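Enquirer: Copied straight from Swiss-Prot:
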type: ACT_SITE; residues: Lys278; note: active site
type: ACT_SITE; residues: Arg353; note: active site
type: BINDING; residues: Lys266, Asp271, Asp290, Glu351; note: Mn(2+) 2 binding site
type: BINDING; residues: Asp271, Asp349, Glu351; note: Mn(2+) 1 binding site
Amino acid sequence: MEIKVGNIPQLKWAGDALAIGLFEDAIKLTEDAIELTEEMAELDEMLSGTLSELIKETEFKGKANSSVSTRVGIKTSIRKIIVVGLGKLEKFKLDSLRQAAATCGRLAKKERCKTLGISLPMCQDADSTAIAITEGIELALHQDNRFKSEPENLGPDLEKVELIGLAASDEAIAHARKICSGVIFARELVAAPANSCTPITMAETAQTLAKEFGLTLEILEKEDCEKLGMGAFLGVAQGSDLPPKFIHVTYKPEVTPRRKLAIVGKGLTFDSGGLNLKVSGSGIEMMKIDMGGAGTTFGTIKAIAQLKPDVEVHFISAVTENMVSGHAIHPGDFLTASNGKIIEVNNTDAEGRLTLADALVFAEKLGVDAIIDLATLTGACVVALGNDIAGLWSPNDNLAAEITAAAEKAGEKMWRMPLEEKYFEGLKAMHADMKNTGPRPGGAITAALFLKQFVKNTPWAHLDIAGPVWVDTENGYNNQGATGYGVRTLVNWILS
């Protein structure tokens, strides 16, 4: 699909479908007529009143993400007109554009259009507007048919999209498409079943990325991890027949980096719960998504490798399965992490934090300026914030503010949560330094406090993405399935 800036005025554009946006408060209906803006009135006149008739007959109100469409007369340069609601003007932001563009793209494809002109109002500046619209279109139209013997025939592909009347640069569109390639890469990793996405294939994927983009790659095998004392990670891994892979990919700019960062993604390619087996109704069949943090990490690798910022970034994932076997760790076992902390495993289904513990210790030893970890870590976070919002924990206000700003720009919802030190009392063990789980209340907070024990001095933040990593139904520019949540936030943070 080609996406480009169209310098042609709205009234002179020719193609299959023209999509326009209307604010909720901009439509004034009377019994006899509709009051339109000057530009809309000119378009309506060109279409012989089709636009005003469509709005009136459908009682279109301009509510966010609502849409209507109709064919127009054969004497015009377009076949169809699409009207998408932008909601209230005072709530209009970049993500409103993404949502509107997604609605336009899906409807144009449903209407079997091959060319689409999009005329939406500007937000912030022309390039930011172009980036948001491009992201909305690209992500909404992504289809993952890898595992279907006969992919559904969803109609012809949209071949060309023009952003009409927008003085944006081609570089802005290229920038957005590079980011989208990372989001889609993450989506497809997370959506793949556990017999397709394994620790071995994740390592192979890292090798492919490193080779394609000239990145530095280090893969630590089980023996290497043993030498580094990664007892927490290896304790989880010992129940699986598949070998664990500790993956470290480094992007280094050609110039002296202005900053060194680390991103750590939880990489459980399948989580059975271990001997604390997940029971019926627990969603065990969905535990392929427990490598969502690693999926986001890998997606960010792909985007950053193409964008080439002047920042050095280390991408780390301790990848394994959490399985049931005669070799699996027992509830009550003690594990020694690579910083010497001894952990009592009181629940084998709280394994992600064990793998992250050694990964965080490894990351800090690299001498980076800041660390972010991402993980589908707790159901408690989903209970607290729902399926759309990730939890953010950090003892560093500046880092938390940076991440929050990056997420706002990306339209990825996030909420800062407390690191209540008093709650660590619930993690204290009788004969070890700590347990891996605490009391049920505040479970997402105690999980973050557990991770905090493995970062000494480096600014650090933890993102619990258990909710937004997956959607069961189409939602905005996210299709049913894996969302690639976090890639755009991380890219914005790295570039900031």
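Note: Cβ is positioned from N, Cα and C throughout, glycine not excepted.
So where do these features actually land, and what's packed around them?
Expert: In the three-state DSSP classification, Lys278 (active site) falls within coil.
If you draw a 10 Å sphere around the CB of Arg353 (active site), it holds 26 other CB atoms from the protein chains shown. In three-state terms derived from DSSP, Arg353 (active site) belongs to a helical segment.
Neighbour density for Glu351 (Mn(2+) 2 binding site): within 10 A of its CB lie 29 other CB atoms from the protein chains shown.
Annotation note: Asp271 (Mn(2+) 2 binding site) sits in a strand segment as assigned by DSSP. Residue environment of Asp271 (Mn(2+) 2 binding site) contains 26 other Cβ atoms, counted within 10 Å of its Cβ in all protein chains.
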Enquirer: Closest of the recorded positions to Lys266 (Mn(2+) 2 binding site), Cα to Cα, picking from Lys278, Asp349, Arg353?
Expert: Arg353
Enquirer: Checking the contact step here: among the recorded positions Asp290, Glu351, Arg353, which have a Cα within 10 Å of the Cα of Lys278 (active site)?
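Expert: Checking Cα-Cα distances against Lys278 (active site), none of the recorded positions falls within 10 Å.
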Enquirer: Near the Cβ of Asp349 (Mn(2+) 1 binding site), how many other Cβ atoms are there if near means within 10 Å?
Expert: 19
Enquirer: Tell me the Cβ contacts of Asp290 (Mn(2+) 2 binding site) under 8 Å, same chain only and six or more apart in sequence, or just say none.
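Expert: When sequence neighbours closer than 6 are ignored, Asp290 (Mn(2+) 2 binding site) has Lys266, Leu268, Thr269, Phe270, Asp271, Asn322, Gly352, Thr376 within Cβ distance under 8 Å.
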Enquirer: What is the number of other Cβ atoms found within 10 Å of the Cβ of Lys278 (active site)?
Expert: 18
Enquirer: Which of the three DSSP-derived classes (helix, strand, coil) applies to Lys266 (Mn(2+) 2 binding site)?
Expert: coil
Enquirer: Let me know how many other Cβ atoms fall within 10 Å of the Cβ of Lys266 (Mn(2+) 2 binding site).
Expert: 30
